[in-house]
Amino acid sequence: MTTGLLQGKKGLITGIANNMSISWAIAQLAKKHGAELWFTYQSEVLEKRVKPLAEEIGCNFVSELDVTNPKSISNLFDDIKEKWGSFDFLLHGMAFADKNELKGRYVDTSLENFHNSLHISCYSLLELSRSAEALMHDGGSIVTLTYYGAEKVIPNYNVMGISKAALEASVKYLATDLGENNIRVNAISAGPIKTLASSAIGDFSTMLKSHAATAPLKRNTTQEDVGGAAVYLFSNLSKGVTGEIHYVDCGYNIMGSNKL
């Protein structure tokens, strides 16, 4: 039974790669709460995964989006303007780093990987927010996904930590810029979750074990945990919340060490 927190709202969901993606879990719960959704995919390979998921929950709009290509972004928002006219919320769910550099030393990060990671993981939020602003006629909510590696050193997270730190700072600056139009911008800092992207991080299984052992709730974060937080941030329940980093990590971030 749905409570309809997003009834009558339209939302753009980016970052779905497969049925284990955090963006997919968020989309499922948003749909259950009454939202009409628009999905994007990054490539033809991902199109074959995303379109069946869209069909599964009755999402009628699926478009290609390459955030490194300004024309791809403008085409997407032109389509949204034509079909919807306006919309209410945006999930920024993409991130990138060369998997070969998600192990070893951060100091060995290549310039190409640094540029690509910051562009796709952080600058894309600015680009999408700028385009969304023009179509959020009655205000709106923009949510992105981050991780504790933006604040503290997480072994092997490397350049992604830098990208997420820039992303979190961007959330605060965007919230300030867009607030006058009643557009809220927030980030969800989720605990480590096994996804296609996280599988590239070296020794990820150890990260999961450490998180569960340290977190006050003594478990790992689930996609559904993050989905619930996203629905809250998309909905009018959070109408006074902007510029925040909202932790959904079973309390891991409050701990200084494991219990002795």
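A Cβ is built for glycine as well, from the same backbone N, Cα and C atoms used for every other residue.
What Swiss-Prot says about this one:
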- Gly15, Ser21, Ile22, Gln42, Asp66, Val67, Met94, Lys164, Ile193, Lys194, Thr195, Leu196, Ala197: NAD(+) binding site (BINDING)
- Ala97: substrate binding site (BINDING)
- Tyr147: active site, proton acceptor (ACT_SITE)
- Tyr157: active site, proton acceptor (ACT_SITE)
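For Asp66 (NAD(+) binding site), the Cβ neighbour count at a 10 Å cut-off comes to 17, with all displayed protein chains included. Cα of Gly15 (NAD(+) binding site) to Cα of Ala97 (substrate binding site): a distance of 14 Å. Cβ neighbour count for Tyr157 (active site, proton acceptor) (all protein chains, 10 Å cutoff from its Cβ): 26.
Cβ neighbour count for the residue listed as 'substrate binding site' (all protein chains, 10 Å cutoff from its Cβ): 25.
A straight line from the CA of Thr195 (NAD(+) binding site) to the CA of Tyr157 (active site, proton acceptor) spans 15 Å. Cα distances from Ile22 (NAD(+) binding site) to the recorded positions Ala97, Tyr147, Tyr157 are smallest for Tyr147. Of all the recorded positions in the record (Ala97, Tyr147, Tyr157), the one with the smallest CA separation from Ile193 (NAD(+) binding site) is Tyr147.
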